[in-house]
Amino acid sequence: MVRPLSLGELPPSYTPPARSSAPHILAGSLQAPLWLRAYFQGLLFSLGCRIQKHCGKVLFLGLVAFGALALGLRVAVIETDLEQLWVEVGSRVSQELHYTKEKLGEEAAYTSQMLIQTAHQEGGNVLTPEALDLHLQAALTASKVQVSLYGKSWDLNKICYKSGVPLIENGMIERMIEKLFPCVILTPLDCFWEGAKLQGGSAYLPGRPDIQWTNLDPQQLLEELGPFASLEGFRELLDKAQVGQAYVGRPCLDPDDPHCPPSAPNRHSRQAPNVAQELSGGCHGFSHKFMHWQEELLLGGTARDLQGQLLRAEALQSTFLLMSPRQLYEHFRGDYQTHDIGWSEEQASMVLQAWQRRFVQLAQEALPANASQQIHAFSSTTLDDILRAFSEVSTTRVVGGYLLMLAYACVTMLRWDCAQSQGAVGLAGVLLVALAVASGLGLCALLGITFNAATTQVLPFLALGIGVDDIFLLAHAFTKAPPDTPLPERMGECLRSTGTSVALTSVNNMVAFFMAALVPIPALRAFSLQAAIVVGCNFAAVMLVFPAILSLDLRRRHRQRLDVLCCFSSPCSAQVIQMLPQELGDRAVPVGIAHLTATVQAFTHCEASSQHVVTILPPQAHLLSPASDPLGSELYSPGGSTRDLLSQEEGTGPQAACRPLLCAHWTLAHFARYQFAPLLLQTRAKALVLLFFGALLGLSLYGATLVQDGLALTDVVPRGTKEHAFLSAQLRYFSLYEVALVTQGGFDYAHSQRALFDLHQRFSSLKAVLPPPATQAPRTWLHYYRSWLQGIQAAFDQDWASGRITCHSYRNGSEDGALAYKLLIQTGNAQEPLDFSQLTTRKLVDKEGLIPPELFYMGLTVWVSSDPLGLAASQANFYPPPPEWLHDKYDTTGENLRIPAAQPLEFAQFPFLLHGLQKTADFVEAIEGARAACTEAGQAGVHAYPSGSPFLFWEQYLGLRRCFLLAVCILLVCTFLVCALLLLSPWTAGLIVLVLAMMTVELFGIMGFLGIKLSAIPVVILVASIGIGVEFTVHVALGFLTSHGSRNLRAASALEQTFAPVTDGAVSTLLGLLMLAGSNFDFIIRYFFVVLTVLTLLGLLHGLLLLPVLLSILGPPPQVVQVYKESPQTLNSAAPQRGGLRWDRPPTLPQSFARVTTSMTVALHPPPLPGAYVHPASEEPT
């Protein structure tokens, strides 16, 4: 056994290095980058020293500033309007939407409430009288809903949408029609008499029972009222609408119902109807001509035989249409029912919302639990409620997440030595990050950036995880500062060593989120901007306020106070003799591979007069062979970490009696230095790492081909809820969307009729457009208008031929003949407006099916005023609206003959139904076809665009991938520039960007394997992943650049320095994300928790496995090298007086160094801080 050497036996020519020895630039290195680095680090050093000097003031002012910004949350606005959240900013869709609102206003024509009925058993048939009876029960319960608001009772008949209520000159008949006119309800029950039960209107006539649709025969009623009133015009209106006997002429589902009318086809036979046969082809409302509900709107999951006959269906759907808030407000404005409540549009909206919520509730409870069928109810208010609940801040999850992070930070930073522990720093750091997040969001509110679901559900946790990373980094670096650093410079030294890393990560994160704002979806643009601002506030808090907290904690540690409970002194504070390097004298240690360990044997005893433990450090030392060094002497260069106090435990027997416990020095840094780095940097391990990541990249490239576009509404709604069940059933059975083809102004409609017909034909031929029945004309205003003109032309021709209409009189003709007479004599010339010679020389519609241009706008005025049902069915929504014009056949004055022309149209629309849209590819195909049709029409001079929810929410997918690639490329370039500027090494910046690009590709591929579809939300996360990935890579890269020696040595040193803070940062991010897993929304779990968790794990693997291996193989040369001042004797060979260790300098390692390590066992504690009390050594024997 080799006898330990005394200090006097050290090699004679060793000169200890000065602490402030300046770094020397390597040969061939650029001096400008190093000067810039030195200048930047000098600024950080100065900042840290100033903050430490005025830590109390900085902390107070910082908390006040951040607290003031956090008050901005009081003015935060949460946006839940889908159009405001998802329509692309500045896109053609937003411009088209603006044009529509400019012409028609904010509100749609009506709102929809839907009931879907399916069998409990999968695939069960609903085309049975029993199933229809259950549907009637649910629909009837829903239609009888009443709510009381503002002292009034509101039922369906008051708030429902009524299509084309005609104006009748007879006051009594007009009031009766107003009360009786049916609501628009699209239901399969309209094929039967029971559909009348859903209509709640009633009227009273003397001598008759209450008139309701269940007992109303319009033909019989007109015959009874004929002798008492002139109803010829009203009769013609009903005949044109093909009302017939209305509901009383339809079969009864239950022919045994005592109220089933005698006119029902199966009333006398008492036979149940053939439900499949009756529903085949759809149903009609009270008007057979204008109210045809196509089969696809009523039945889902249908099956047919070989002849095309309907056999069965799996779902039924009924749709109740309500007025919009504006329509309801206008309808009751000035009415006697609302004159005393200050009627407003907001009140109208509240009435509709209350009725819709009650509608959904009662409909879902209508059927008994043991029924064979189930009802799914939904309304537009339900969707708003979902979005509102989706956007609410979950206080429980926020508080739980932050408490979990507080606990983790406190436990992670606790140490055995109370004076060295940093639990309070961890608590204060997390609370500071929470305040920074609140202040960032408050600043966003003050800047007018609206909040949305992503802001409230995701950002608090994501920002917490990212912000705490830098807290761990600074705290870790602060405890590992060189022990001989003067006390006033501790904070400056900490910022000088870690400020660059913090700046790099924060700037890259901000740039990443700002680049993510390139995605033109308002909700995600707001989220990206808010995230960037929050990261900026975190950066300011970490760089300015947190150093003040560390400085205060330094004072506590210097005074040997307890952690957390800083008012109490530490019971385990030690008094230690501080052994300075100068005590070694001017002796020099030759440079070689040998590991020089100066082991100071420490003995402790407790003084009788004090409770303090006194440590005596006798001057002894010995040399040991470094057999336990995993990487050889190369790992322990002066450029490496100086955190190996307590790492040497030489000696046996009584000298080892005070050896510390293993758990006292086993840390992540210890693991990285002694286990992880030696294993990772072996040649075979490097090959395995490169092979693994190459295979992962290859699999990810394949997975990227599996990623589909899309985001279904079912992904947003919580699973297991009734709303999710409805949306799933609707997507499966009734994937129908109402759209419109809008024609704008800027062209002459009268001379472009052929182009309009061609446009309609091209649009109708699209695969996704549901064609009308073969027996029904297209449902557009231009077709209805032309058909109406042809009808009155035929009536005129008949009256002219019979002599009831002559050149000078039309009083004996029919109502339609008289209208045609007035139109035919119009010239359109203001000087000579009438020309009676045209009665026989012109037609209202020519042989080509076109309306004469000079008659077009005057005929439009007459049609709008005379055919309200046709106008309502066409959904034309003319702007400017044609003027009102009343026709009186018996008024033959010249003024009555003149017809005012409508103003040139600036807005009109053709309605269509799209069906079969299940996947995003189906939507994209339909959108592209519609856009192509509009482009072709534009070449013919017709300005048109498609409108509807598919174009609002799915058109983003046309350019989403291009936008994604553009944002990623721009961000990678920006990341390269930022890293190259702050690291002053384009070589290193290139390696970082390579790793980040690999992470993005791999995350995209893993999304494909997980079945996560690509929408604007994953695009934001993918773009932001580049910035977040910098957290895991730049620390290792910076540690590699600032280390000395070979690539392996510098990679090991970088891992030792950064393994702990990077791991702590990843764990803190995962803890922040963990609270997202408790969300009620699968959307949050799948698209945020899963994706961000995968991103964090990928970042950890790439930062601690791939990047060190790449740096050890392809890393840039060191920028600086620390050179010790040595005497010439150091370079000569020498041998110790005792023992077999050689001090030869190996020729292959010209820059090898000896390392002097102070190891001592002081009640499990490292040496004290600079300036600690030093007790004089006693003469206690060894």
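The backbone N, Cα and C atoms fix where each Cβ goes, and this holds for glycine too.
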Same membrane side for E493 and R673 per Swiss-Prot: yes
Other CB atoms, at most 10 A from the CB of N812 (N-linked glycosylation site): 14
Spatial separation of N812 (N-linked glycosylation site) from N370 (N-linked glycosylation site) - C-alpha basis, Å: 65
CB contact flag for the transmembrane segment (687-707) and the transmembrane segment (429-449), at least three pairs under 8 A: no
DSSP state at N812 (N-linked glycosylation site), helix/strand/coil: coil
Counts of helix, strand and coil residues, the topological domain 'Cytoplasmic' (985-991), according to DSSP: 6 helix, 0 strand, 1 coil
Local Cβ density at N370 (N-linked glycosylation site) - other Cβ atoms counted within 10 Å: 6
The transmembrane segment (1065-1085) and the transmembrane segment (532-552) contact flag, 3+ Cβ pairs under 8 angstroms: no
Interface check, the transmembrane segment (429-449) with the transmembrane segment (58-78), three or more C-beta pairs under 8 A: yes
Stretch contact, the transmembrane segment (502-522) with the transmembrane segment (1014-1034), Cβ-Cβ under 8 Å, 3+ pairs: yes
In contact by Cβ distance (the transmembrane segment (532-552), the transmembrane segment (964-984); 3 or more pairs under 8 Å): no
Per Cβ pairs under 8 Å, the stretch of 58-78, 395-414, 532-552, 992-1012 packing most closely against the transmembrane segment (1087-1107): 992-1012
Structural state of N370 (N-linked glycosylation site), classified by DSSP into three states: coil
